[in-house]
Amino acid sequence: MAEMSFLSSEVLGGDFVSPFDQLGLGAEESLGLLDDNLEVAKHFKHHGFSCDKAKAGSSEWLAVDWLVSDNSKEDAFSGTDWMVEKMDLKEFDFDILFSKDDLETMPDELLATLDDTCDLFQPLVQETNKEPPQIVNPIGHLPEGLPTIDQGAPFTFFQPLPPSPGTLSSTPDHSFSLELCSEVVIPEGDSKPDSTTTGFPQCIKEEDAPSDNDSGICMSPDSSLGSPQDSPSTSRGSPNKSLLSPGALSGSSRPKPYDPPGEKMVAAKVKGEKLDKKLKKMEQNKTAATRYRQKKRAEQEALTGECKELEKKNEALKEKADSLAKEIQYLKDQIEEVRKAREKKRVL
């Protein structure tokens, strides 16, 4: 039981400590990159100083805070201003960094090497400040909604190294030259179609990485194709992207065009003819209805006139019938009186 509890405590301790160990290893690796590549420590060592003092001095005046700063959030070029500046070593207080004995023995060659390290990257900055080769952007200005390049991921930290032709020739291969995509506007005749088709997929591929939308910076096709790391990615992405021509992209997004004027005129004429037919039919129906009403009224008036005449005739005939009935009754009475009179005469 004691052994099981001891093993479980070790496992739990390892679980709790492991994430902090990983963070510590990442921090040590990031600091180790700076300390290993700084060649200033070697100059200190040649002139009789210890490695600890050289590292202390280099870490004091080359602090990690101003190398790894938040300039990437503001602008892509704001972090490279320190490469152009010349550092005046008189402003630094070397009494704090080194003892007086060390300062007295410090030769002038050390100061010269420090000045050289400050001016090391000046030719590289001049090359980046030159106008990049102008290439036609086949899709025009990219929309702001698309993500641009992550400013922290593709850049490599410039490290002060001793000026040598080997290092100066090798650094442009690993560093990227930048260009503003929104400012590249030249006529189509000046650029070759091959360069545009191969450069366009790389620009789109680099923009897939999430970053700030304010900078609007994409990688230049010449620099991306020149580096050995990005050449296979461009060769893979170019066939798929080159198939999409600018006309196809614009045609898919645009709505269908309006009908030509000839079809409009024909449609208007057909509609006008239909309306005219309907209006004519309506007028004919109205006239037929009015005529029918007029006929009915005339017929009714005629019938009413005849009815009145017949009623008058009927009344006249009734009067005649009454008069005739009275005459018949009078005649019957007369006949009865005559018959009675004859019977009396016979009796007598």
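Even glycines carry a Cβ here, placed using N, Cα and C.
The structure displayed is predicted, hence computed values, not measured ones.
Residues or ranges marked as region 'Disordered' by Swiss-Prot: 151-174 (among others).
Residues or ranges marked as region 'Disordered' by Swiss-Prot: 187-265 (among others).
Look at Swiss-Prot and you will find S211 (among others) tagged as phosphoserine, backed by similarity to another entry.
Annotation source Swiss-Prot lists phosphoserine at S215 (among others).
The annotation phosphoserine is assigned in Swiss-Prot to S220 (among others).
Per Swiss-Prot, compositional bias 'Polar residues' is recorded for 221-241.
The phosphoserine feature in Swiss-Prot is assigned to S227 (among others).
Taken from Swiss-Prot, the feature phosphoserine applies to S231 (among others).
Sequence annotations record features per position, and here Swiss-Prot assigns 4-hydroxyproline to P232 based on similarity to another entry.
For S242 (among others), the entry in Swiss-Prot reads phosphoserine, with the evidence type similarity to another entry.
Taken from Swiss-Prot, the feature phosphoserine applies to S245 (among others), supported by similarity to another entry.
Annotated domain 'bZIP' per Swiss-Prot: 275-338, in sequence order, evidence recorded as sequence analysis. Secondary structure of the domain 'bZIP' (275-338), assigned with DSSP and counted as helix (H, G, I), strand (E, B) and coil, comes to 64 helix, 0 strand, 0 coil.
The feature region 'Interaction with GABBR1' is assigned by Swiss-Prot to 302-338.
The N6-acetyllysine annotation in Swiss-Prot covers K308. Long-range Cβ neighbours of K308 (N6-acetyllysine) (same chain, at least 6 residues apart, Cβ-Cβ under 8 Å): none.
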